[in-house]
C-alpha cells in the first residue's frame, strides 16, 4: 500500500517550513508554495513556475493539495449563496457567502453538527458528528474563492471577511481552528486583517483562554439571555460555564487582544416573548456594564420544527432603545439568505438527515472535557 500523501492545506506556514526542512529544502519554499495556493488558487505543482522541477516532482510524490468539494449551492434573491461542502463519508457542512457593496463575508463551519444543543439553532438539532480538519476549514474558503473567481496573476481574492459562525462550536475544535485561522491571517495565506476574521463562541471558557494565548482575532460571544436561569435553557453549555465565568473569560480575552479594539460583539437572538421584554433589556444592560461591547440583536430565523418565533419589529425596537439608554452601541442585524435557510441559526437544512447523531454522553465527554486536555 502506498504511503498516504500529506495534504498541504492541513499545514500552516510554520508546519510547512518544518516539512521543507525535513525534505532537505530551504524553509522559504513554504512562503512560495503558500502564495501559489492561497493567492492564486493553484493546486497543480506543475503550475508553480518559481519552484524548480526537481522540487515540484518531490512535492507531487509526497504531497497533495485537496480541498473538500462543493456538492451544491443555492443563491438567495439578496445575492447570498449557501454552499453544501462534501467533507467525505456522506457528510456535508454548509458555508455561506454574503456579498455587500464594500466587502464580501464568508461564514465558515468548524464541525459537522454541534455538541452544544442550543435550543434555537437548527444545527444543534442534528447533533454532533466530528471536528473538521484544517484542510476542511480553509478548504471552504479556497473552494468558494475559486467558485466566485480568483483574479489570476494579481492575487486578488473575492473574500474580504471570514466569520467562524457556521456549523459547530469553534472552541471545541481548537486543535484545527487555530492553524486554520493562522492561514487566514498569514500574509502568504489568505492575508486577511485580524479585524476581518471573527470567531463566535457560546462560551467554552477554558478554550477561550487558550485562544487568547494563541491568536488575536475579533471575538463575538453568543449571550442570548440576560440571566443564568434562561440561558441554561437556551444555551445549555451555560450549566458548565455560567454567565459570570463566561464574562470573566471575555474580559481576559479583551485584555490580550487588539483585534477587537477594546470590545467584543455580543450576539443576542430575539425570541418572541422569551428573551425580548424591556425588563430583560434592562437586565442585559446591567449584566454587560463591566464588559466593553457592542450588542448585535439578531431577529430569530425560524426553521421547521422550531419551538420559537421571531420577535416583532416593535419588540426589537423597544429592546434596542433600552440598551442604548445605558450607552450601549446596538445593531439590529439585517437578515440575509433566509429564503434559502442560510441565515443565522438556520444552517443544517437537508444535511441533518444525512448526519448521524451521537449519544449525549459522548458529546459532552469527548467534546467538552477531552478536547480541553
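All positions are counted from 1 along the displayed chain.
Cβ atoms are placed via backbone N, Cα and C, with glycine included.
For reference, Swiss-Prot has these:
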ACT_SITE  94  active site, proton acceptor
DOMAIN    100-339  domain 'Radical SAM core'
DISULFID  107-344  disulfide bond
BINDING   168, 169, 200, 222, 223, 224, 301  S-adenosyl-L-methionine binding site
ACT_SITE  344  active site, S-methylcysteine intermediate
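Taking the features listed in Swiss-Prot, we show where each one sits on the structure.
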| residue | record | Cβ contacts under 8 Å, 6 or more apart |
| --- | --- | --- |
| 168 | S-adenosyl-L-methionine binding site | 93, 109, 110, 111, 112, 113, 114, 123, 128, 131, 132 |
| 200 | S-adenosyl-L-methionine binding site | 163, 164, 165, 170, 219, 220, 221, 222, 267 |
| 223 | S-adenosyl-L-methionine binding site | 231, 243, 266, 267, 268, 284, 287, 288 |
| 224 | S-adenosyl-L-methionine binding site | 118, 120, 231, 234, 235, 267, 268, 269, 275 |
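The most crowded of the binding-site residues listed here (222, 301) is 222, judged by how many other CB atoms sit within 10 Å of its own CB. Residue annotation for S-adenosyl-L-methionine gives 168, 169, 200, 222, 223, 224, 301. The furthest Cα pair among them is separated by 19 Å.
With respect to their backbone Cα atoms, residue 301 (S-adenosyl-L-methionine binding site) and residue 107 (disulfide bond) stand 16 Å from each other.
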